[in-house]
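What TrEMBL says about this one:
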REGION    1-39  region 'Disordered'
COMPBIAS  10-21  compositional bias 'Basic and acidic residues'
TRANSMEM  71-90  transmembrane segment
TRANSMEM  110-128  transmembrane segment
TRANSMEM  140-160  transmembrane segment
TRANSMEM  230-249  transmembrane segment
TRANSMEM  270-295  transmembrane segment
TRANSMEM  315-339  transmembrane segment
TRANSMEM  419-438  transmembrane segment
TRANSMEM  458-478  transmembrane segment
TRANSMEM  490-511  transmembrane segment
DOMAIN    521-572  domain 'Kazal-like'
TRANSMEM  611-633  transmembrane segment
Amino acid sequence: MATVKNAVRRSMEKLNGRTDEEPALVSPDTPEDESEELQPVAGAVDGDLDTRCGFWLFQASFLQPCARIECFTAFYSLTALITSTLNVYVNSQITTLERQFGFSSTQTGLIMAANDVGFLVCVLFVSYSASNFHIPRSLGVAVTIFGLSGLVCCLPFFLFRSYIDAMVATVTDTGSGSLTSGAAGSDGPGQSVGMFGDLCLPNRTVIQAPDSSAAAPIDPPDHVRGLPSHAVTASLAIIFVGMMLQGFGKSPRYSFTVTYVDDNTGKTNTGFYMGIIIACGIFGPTVAYALGGVFSRIFVTLEETTLTPQHPRWIGAWWLGYITCGIIALLAAMPLMLFPRRLPPRQRRHSNKDKQTAVEEGGEKTLTTDLVLPEAKTDAEEEKSDLKSPQAQTNGLLFYTRHFKLFLGSISRLLTNPVYLSVVASSCCDIFSVSGLSAYTPKYMEQMFDLPTYMANYILSANVLCAACMGTFIGGYLSRRLKMTARPALLFTLLVESTAMAGGALGFVFACEQPTVQNWPGSPEACNDACDCEDNSFFAVCGSDGETYYSPCAAGCQQVEDGVYHNCTCIPGISEAYGGMCPYGCGHIYTYFMAITVRGLFGTLSIVPKLVVYISYFMAITVRGLFGTLSIVPKLVVYIR
C-alpha cells in the first residue's frame, strides 16, 4: 500500500513539474502580491547570444550581471537625462541667440520647430519596425546622434569667431575708457555703437559702413553690428540642421524604450520602470535651465569685461552648453549599446494566477486592456504568423506587400477607436501648450518681471525640479501601487489635468506693469532734433530721472564713460543714463512661480497613467507620437508669428 502511495505521489509531483530534489517554486504561505517577482533562469545567459551583454566579440563575463531590467533602467535613465537636457537647452538661450546673431522671434521659433520636423520625418516608420531592430543598440545610435547635434549647434561660434571678436572688441578696447560722439563718428558704427548704442551726433546725415566689405546689418541691426549677413544666414542654417538631428535622434526613443521595458518585465511593473525613466528625462529641463543660468553669466568669448549680465548688450557663453552636453551624450551612448537584444528570461517564483490576462478587483474580472483596443494582441499574433509564413519569407515582394497592408490595418484600427482618438487629442493639446510655454517662458519672464536671463533660467530650473520631476515619479508610483487599468488611468488623468489647466491660467493673472519708453522715433521732442538718430537702433537706457529712453541718441547723450552716458540733453537734472531699462519688477514673480509649479506638478502626474492606455498596443504609442508632433503646425502659427 505504501508503494502505491509513493508512486501516486511521484506521479503528482511530475505533473506539478517538481521532484524531491527540486524545491517548490510556490510556497503555500506566499502572499499573492509577490507573484510578480522574477529571477533569471539558470543557464539562460550562457545559452543564447541574444541575451548576453556585449558588442560582437566583446561579451566578457563581468558584463553579464548587467543583463537585468534594473540595470537597463539605470543606464537609460542617465541617457534620458542627458538627451532631455540637450533638447531643452536651446529654450534657455533664446534671448542670447537673438543678441548674438540678430535672429528674430520667427527665426528662433523655426530653430525650435526643426527638432519636431526631424522627429516627424522618421518617427512612424522607425517605430513601426521596432521588432526588426536591436533596440538597445538603436537607442545608443540615437543618443550618439543627439551628441553630434550638440557639437553641430555650437559650430557657428567657432566658424565666425573673428566676426564675433570684432563685434565685442569695444568691451576690452573702450569699455573702461570714454567714447564721445566725435570718436564714434570717426570710427564708424561697426564697433563703437556695437556695445554702447547709437550716440547723438549733431549735424550728421547717415552713418555709413566704413567700406564695401562690411555688409549692411540685418533687422534688427542693433544686435549684430559688424556681423555680416552671410554669417547670420549660415549660423541659422547650421543650428537648424543641428536641431533636426535632435529630432532624428529622439524619434525611436520613446516607443523603443516602452517596448523593451514592457517585453522584459512584468506587466504591472512597466509603469514603475517607465516612471523612473520619464522622471529622469523630465529632470533634464532642470539641468538645462541651470546650465543656461550658469553659462549666461559667462561672457561669450570667456574674457573679462566691464559689462554685467543686466546690460542690454551682454551675450552669454551659449555654445558651452552644447559642447558639454554633446560630449557627455557621446560617452553615455557607449554602455547603452552593450545591452542584449532581449534580457534573459526570468521565471516567476510565485505564480498563482495569470495577471497578464486579467486583474481581479472585487470579484469582477477586468481585462488589462478593458477600454482601449481589446483586439490588439490577437491582431499582433495574426500579423506575426502571416509575415513568418514560408511563402512570405521566400517571396520578398509578397513579404513587403503584406507588411505594408498590415501596417495600414494597424493604423486603421487605431483611427477608428473613439476612446483612443480622444486620448490622442488630449495629448496633442498638452504638447501644443507645453512646447510653446517651455520655449518662450524664459523670455516672457525676462520681459514681464524685469529679470536677467540667468535669473529666469534659475527660477525655471527650480520649478521643474520641484514640480515636473516629482509629479512624474509620483504618477509612476501610483500607477504601480493602484495597478491602474485603462479606465482608472483616464479618470485620474482627467482630474489632474483639469487642475493643471487651472494653475496655468492663473499664472497669467500675475504680471508687472510695463514701463513707458520715452522719445520713440517720430515723437515731437525737440531735444534730439540735431542728433539724426537711426529709427531702428533700439537700445534702451535708463535716465537719471527714472524714465526709460528709446536709445542714447534719443536721449541726446553725446558721451559714454565706463558704461555711463553723459551730456544727455533730453534728461533733466544731471543728464546721465545707463544701459538697460529702468527697474520695473514687482512681487508678482513669487505668485507666478507658485502658479506654474501647480501647473507642472499636476500636469506631469498624468504622464505614466496615460502610458497604461497606450501600452496595450505598440502602434498606439507611435501614432500618438505622430499626432503629437503634428501639433507643431498650429504651434508655428500661434507661438512664432
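In case you wondered, yes, glycine gets a Cβ from its N, Cα and C as well.
Highlighted: of the candidate stretches 110-128, 230-249, 419-438, 230-249 has the greatest count of Cβ pairs under 8 Å to the transmembrane segment (140-160).
Contact between the transmembrane segment (71-90) and the transmembrane segment (315-339) is present: at least three CB pairs lie under 8 Å, with pairs separated by 6 or more positions in sequence.
Summarising model confidence by region, the domain 'Kazal-like' (521-572) averages a pLDDT of 82.
Scored on C-beta pairs under 8 angstroms, the neighbour of the transmembrane segment (110-128) with the top count among 230-249, 270-295, 419-438, 458-478, 490-511 is 230-249. Helix, strand and coil residue tallies for the domain 'Kazal-like' (521-572), in that order: 3 helix, 11 strand, 38 coil [DSSP].
Same-chain neighbours of the transmembrane segment (230-249): 83, 86-87, 90, 97, 101-103, 107, 110-112, 114-122, 142-146, 148-150, 152-153, 155-156, 159-160, 163, 215, 218, 224, 322, counting only residues six or more beyond its ends whose CB sits under 8 Å from a CB of the stretch.
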